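Peer 1: According to Swiss-Prot, the protein carries these features:
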{"type": "BINDING", "residues": "136-138, 167-170, 177-179, THR225, SER357, 362-364", "note": "substrate binding site"}
{"type": "ACT_SITE", "residues": "HIS226", "note": "active site, proton donor/acceptor"}
{"type": "ACT_SITE", "residues": "SER356", "note": "active site"}
{"type": "SITE", "residues": "GLU369", "note": "site 'Important for catalytic activity'"}
Amino acid sequence: MSAVSMLQGEMLARGGAVIARGASLATARNFSRTTVPMAKIRKERDTFGELEVPADKYYGAQTARSQMNFKIGGPEERMPIPVIHAFGILKKAAALVNTEFGLDKKLADAISQAADEVVDGKLDEHFPLVTWQTGSGTQSNMNVNEVISNRAIEILGGELGSKKPVHPNDHVNMSQSSNDTFPTAMHIAVGREVNSRLLPALKKLRTALHNKAEEFKDIIKIGRTHTQDAVPLTLGQEFSAYVTQLDNSIARVESTLPRLYQLAAGGTAVGTGLNTRKGFAEKVAATVSELTGLPFVTAPNKFEALAAHDALVEVHGALNTVAVSFMKIGNDIRFLGSGPRCGLGELSLPENEPGSSIMPGKVNPTQCEAITMVAAQVMGNQVAVSVGGSNGHFELNVFKPLIVRNVLQSTRLLADSAVSFTDHCVDGIVANKDNIAKIMRESLMLVTALNPHIGYDNAAKIAKTAHKNGTTLVQEAVKLGILTEEQFAQWVKPENMLGPK
């Protein structure tokens, strides 16, 4: 059965199901007279035989066959578009280089033009395949080859599906294998997304947190360890920790890029470079670098580049650490902003939308909730990427689509949530100075300043007695005869407790 016939059958089945769920008899009779228009088709062939494909699509038989064999997840599970666009970059680079090794320039120019349209997103609708296919990504590589081939044929005035004058394997896939093109596209896609989306977003959040650390540098508050009262610090010092977490996150991500920039192209089937020419790998990497503006190079060992994806596992390890930082920062700000009257209430967070369908006036820390949910998703993706990376069997890793899907999702979610958290939360945070001061004055841990003067045991006695009696530190210190009010006022000054003496 062709892909078109199957689609028509599913449409009819869905229509029948609607009738069965309660449509009137009149409606049912009316439906029975409705004719579903037949989509125009053309016939294409692969090594398994002939298949019908939609006439208005550039893909061919191998793509249609994959649609038939891998009905897993539907449109939501399609191969990530950044991978498709990365393939366009690679196919253009290969065509340009292959002109040095026998590819007719006229064909190369048509392939290059079609590949540009892939990169620009003009042909996105022609890439229907899902992530859950062969672990090498062969079907997606052929999807790209077929689309570029047919579009190039169209550019040259030929007949779609004829494979003349541009053949998907012989010309678009010249000097290539799915085993080296898919990992190359993986690296290009992730490299572009990290540089264009993630790093700018992290730097934006870092700047916003730094601005708040400066704004809050003179606000003294009580610290908390184990969620219990501790000694004072400034709110600026507290936020400076978040700034450093972002600094380190950016540095960690950037430190993974040298391995990510190594491309498998030129390794072909198992890493030996069979069916390529000397210099092809280096020239393709240099051309990809020129097209992307990123410092891609050929992988020094193609066997590793095909059989293992440690570089992407490493990238996601850095992303996972970013997620860990996001979870901590989001939770801290959420809890510091709890209230407004019965929580900590040290921070006021921007009020962006109503928070409850039943409690009037309630507003929630939704940006904190969103960024911590993103963090949880990325942590889950870390498991999937680790499992995928560990499944390189002999000369080929066969979890490639899963790996790149999760790395790209984590990259996108972290980037978008960082921007959202910055714009709709961090930039609008206000310190509640009066409440911060009130909480600090009530803390028993200010007694720590007395350790050098009266010793740990006496200081502990004052704190425990004050806690038991519900009194203040100074009241119990004087009552116990350990020191005077003047001594207490002289020695217990929060502003003198913010660093080494």
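The backbone N, Cα and C atoms fix where each Cβ goes, and this holds for glycine too.
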Peer 1: Taking the Cβ of SER136 (substrate binding site) as the centre, count every other Cβ atom within 10 Å, in any protein chain shown.
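Peer 2: That number is 23.
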Peer 1: State the count of C-beta atoms found within 10 angstroms of the C-beta of THR225 (substrate binding site), not counting that atom itself.
Peer 2: 9
Peer 1: Give the helix, strand or coil assignment DSSP yields for SER136 (substrate binding site).
Peer 2: coil
Peer 1: Measuring Cα to Cα, how many angstrom lie between THR225 (substrate binding site) and SER356 (active site)?
Peer 2: 32
Peer 1: If you measure from the Cα of THR138 (substrate binding site), which of the recorded positions HIS226, SER356, GLU369 is the nearest?
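Peer 2: So, spelling it out, the nearest of the recorded positions is GLU369.
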Peer 1: Tell me the coarse DSSP state (helix, strand, coil) of the residue listed as 'active site, proton donor/acceptor'.
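Peer 2: Looking at the DSSP assignment, the residue listed as 'active site, proton donor/acceptor' belongs to neither helix nor strand, so coil.
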Peer 1: Nearest to SER136 (substrate binding site) by Cα distance: which of the recorded positions HIS226, SER356, GLU369 is it?
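Peer 2: That would be GLU369, nearest by Cα distance.
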Peer 1: Could you check which of the recorded positions (ASP170, LYS362, ASN364, GLU369) sits closest to the residue listed as 'active site, proton donor/acceptor', going Cα to Cα?
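Peer 2: Smallest Cα separation from the residue listed as 'active site, proton donor/acceptor' among ASP170, LYS362, ASN364, GLU369: GLU369.
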Peer 1: Could you state the whole-number distance in Å separating the C-alpha atoms of GLU369 (site 'Important for catalytic activity') and SER178 (substrate binding site)?
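Peer 2: Just about 41 Å between their Cα atoms.
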Peer 1: Measuring Cα to Cα, how many Å separate ASP170 (substrate binding site) from the residue listed as 'active site'?
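Peer 2: Cα of ASP170 (substrate binding site) to Cα of the residue listed as 'active site' measures 61 Å after rounding.
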Peer 1: Please give me the binding-site residues out of PRO168, SER178, LYS362, ASN364 that lie within 10 Å of the residue listed as 'active site', comparing Cα atoms only.
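Peer 2: If one measures from the Cα of the residue listed as 'active site', the binding-site residues that come within 10 Å are LYS362, ASN364.
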